[in-house]
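TrEMBL has this to say about the protein:
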type: BINDING; residues: A:26-33, A:143-146, A:172, A:180-183; note: ATP binding site
type: ACT_SITE; residues: A:33; note: active site, proton donor
type: BINDING; residues: A:57, A:149; note: (R)-pantoate binding site
type: BINDING; residues: A:57; note: beta-alanine binding site
């Protein structure tokens, strides 16, 4: 397995490759990442995984410094999946000078995560654009766990005419339903036991919508209140259209319910797609 | 010669091509453009010329609607230069929906042209990025006539890690020194005779710096005053460092003097690079 830290060496390694599949990560790989990489393996014989903790997408008060960095373990896991090429640059390689060219994003980047983490998607979009330009993949796999990120990357590809296909990977969950995330390791035992209730809450909303409930406002408020009573600090529980990711007004659409909430100092996010009831009858 | 209006058809035409050279234009081609294309021809066997009047880089009050559109003549000229591929999309192809992903640029985009045409470089950088993504050239030729644009495109390529080499083309001038420009055709006879004095003014500054003058402030002010007395409305006459394009403080550097001024309703720009005196001794 080639672990490359240099852009020129990476490009040389990939020269002449057809059908490059790319999976960007911030490392600290868990089963969720590995599922995306297995998906890439099924789609391509040349999978590139990047490992880079991107400072641009952390807010000043966020956990950039303490974000877990586990390159050796990550590389063992990638090697076991037969990944041939890992791109693990340091900050000087990707930001030799301060990053002044950034992307300005549409309003959909200012809701949900963007509202609570202003600048987050600008940082994500900019690093994804840079990595696409470096690796020049034919396809890239992004997890549905970060649903809004997936939406924004797809829109970026469309509006900037990037020659890459975006493939969505399903969220991987623990047996109790908790979506896998690098941040789960910040949870203590009690918090870990409680954490599945974010998923449970979204699941109940999904079931209620499927069974015909269309008072989205009440569903969102009840869910938030229930979580708050259990000790969570809720950023949002919100029902949106899948196509535009704008807030949903009517039930007869492709929907997704998204949530973000804190257990003490750990912020968890999750979402569930909802098939429109009309298809279920 | 293939004149393509569609992105998929263009990509199909270019599939498998090595060493693609790209010359972006807004059409209405003159000898300045043709020199860039001949330069591209010397560097590549596969030259792509785009013709697209980019609405994003015009301010609301500017001449977008009356900007000259001369596709047939342009194509005759390109055919005579053996250009094989012309990309001439309409607005629906490049902007099927409003362009919401735009580039946020560094402070160097807010001086000189950027000060007098706010949003101009954002529009330029965004369309250049889109065209690079569509055409995926190995190199692209930009004229020094738009010196700040060349600088910003180079910086964009560097900071976004775009896999394209930027090649600079020299400014082509009329016999009296006027830099060729599509906007020259807006000039009437009297204005056309006067127009060379922008170049003459920059040339005098260059000569004075080479002969040892280092009071840049005085050089700039005198030049502006002289042009104003001749009937010009001067936006700027300004001496800058070539490497950063920031205002020059000392004479012993690679310099460029840039100017922008109006003759009635027509705005002309020009610039001259200045070799540091130390190399001339």
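The backbone N, Cα and C atoms fix where each Cβ goes, glycine too.
TrEMBL: automatically predicted annotations, no manual curation.
Mapped onto this structure are the features recorded in TrEMBL.
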{"residue": "A:26", "record": "ATP binding site", "CB count, 10 Å": "18"}
{"residue": "A:29", "record": "ATP binding site", "CB count, 10 Å": "24"}
{"residue": "A:32", "record": "ATP binding site", "CB count, 10 Å": "21"}
{"residue": "A:33", "record": "active site, proton donor", "CB count, 10 Å": "27"}
{"residue": "A:57", "record": "(R)-pantoate binding site", "CB count, 10 Å": "21"}
{"residue": "A:144", "record": "ATP binding site", "CB count, 10 Å": "20"}
{"residue": "A:149", "record": "(R)-pantoate binding site", "CB count, 10 Å": "21"}
{"residue": "A:172", "record": "ATP binding site", "CB count, 10 Å": "18"}
{"residue": "A:182", "record": "ATP binding site", "CB count, 10 Å": "18"}
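Each residue contributes its Cα atom, and for residue A:144 (ATP binding site) and residue A:33 (active site, proton donor) those atoms are 11 Å apart. The separation of residue A:57 ((R)-pantoate binding site) from residue A:26 (ATP binding site), Cα to Cα, is 11 Å. The subset of recorded positions (A:33, A:57, A:149) lying with their Cα within 10 Å of the Cα of residue A:172 (ATP binding site) consists of A:33, given in sequence order. When the recorded positions A:33, A:57, A:149 are compared by Cα distance to residue A:182 (ATP binding site), the shortest distance belongs to A:33. With respect to their backbone Cα atoms, residue A:32 (ATP binding site) and residue A:149 ((R)-pantoate binding site) stand 16 Å from each other. Separation of the C-alpha atoms of the residue listed as 'active site, proton donor' and residue A:149 ((R)-pantoate binding site): 15 Å, rounded to the nearest whole number. Each residue contributes its Cα atom, and for residue A:57 ((R)-pantoate binding site) and residue A:29 (ATP binding site) those atoms are 18 Å apart.
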